[in-house]
Amino acid sequence: MRTTSLVLIFLIISVIDTKSIYEISQNEYGKTVLQAIQLTLNDEPASFGKTIDLLQDLKKGIQNDQDEDSGLLNERLQTCDSHISQNSQIISDSQTKLAQAQEQVGPLEQKQLDKKHQAEDKEGEEQRNNDRINKLIQQRQESRQQFENKRDELTSIVGALSEAKIIITSIKTDPSAFIQLKNHKENILNQIQKSSMFYTLIHQTLSLIQQGTSQEKVIRIIDDLIDEVYQVQKLEMIADDQREADFIKTKIRFEFANTRLSTKIAELRADVQQSQQQLLELNNKIAIYQDLVNLKIKENSDWQQSCNDAQNSHNGLSDYRSQQIAIIDECISLLQGHDPEIMQFIQKFI
């Protein structure tokens, strides 16, 4: 009965060992380990302890590699976290500055538009003043021409009346003087506009001699008439001088207003140009901040991907090493039984 039990136990152990070796041999690394065990036991068939020690050293080497890789991974992850943290701070600061810069664009554009409209309004006012000055100059030229025409007319009247006095004086000695006076009268009246205040006076005065009025009286009337013409001339000159003074005063007023407007326009245009420069610099800042944000987001994404790849690679390698250690542990467990038939089981599957 005891012998039967021992045989049964031996058979069970053999089945278990056979199954374990088979499963190990199905793994590429396991097959390599079994081959190494086979070589070692072939050299020294009874050296199970030495083989186990070799497997323990192999296991320790794998664990050391795992520990070293874990340390390198931790350093890598810390580097990633550090860079991501720094970039995140830069992103946050840049986004704040970006938002602040973007908030300044609208008011600055409105300020520029307001200054531009103010400059255009001032330019319109300046142009209206220039139009007024041009109209004023034209009106003054016309009034001066009218004055000169009037002055020439009055001068001509004085000359004609003086000549008429000479003709009237010669009537006593020259009978043809009446005819000369008649012709002279017609010439004078032809040169004078009928609307002139002197037209009727000259007509009536020069007609007196034909009506029998004495020469002396007519000459006195002509002298009075000449004095009247001089007086009108004087008044016309005074009036023209006043028009000239008013013209100069008004023209200077408009020109002075335009001088102030020109200064203001220059200031407004300078403000517009300054606003344009500020907008340009602001938009450049916005572009720089936006580019920096995009760059740091991309860097963070790259760092995160790099860390994820490193973690995944480490996890995969850790799983593989765990499998290696499990295989080694299984082999050690088989060898610890010191079963001399273990070589047969190994040879069966490799």
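Glycine too: its Cβ is placed from the backbone N, Cα and C atoms.
Per TrEMBL, these features apply:
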type: COILED; residues: 258-292; note: coiled coil
type: COMPBIAS; residues: 111-131; note: compositional bias 'Basic and acidic residues'
type: REGION; residues: 101-131; note: region 'Disordered'
type: SIGNAL; residues: 1-18; note: signal peptide
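For the compositional bias 'Basic and acidic residues' (111-131), the list of distant contacts is 254, 257-258, 261-262, 264-265, 268-269, 271-272, 275-276, 279: same-chain residues at least six beyond its ends, Cβ to Cβ under 8 Å. Broken down with DSSP, the compositional bias 'Basic and acidic residues' (111-131) shows 21 helix, 0 strand, 0 coil. Mean model confidence for the coiled coil (258-292) is a pLDDT of 97.
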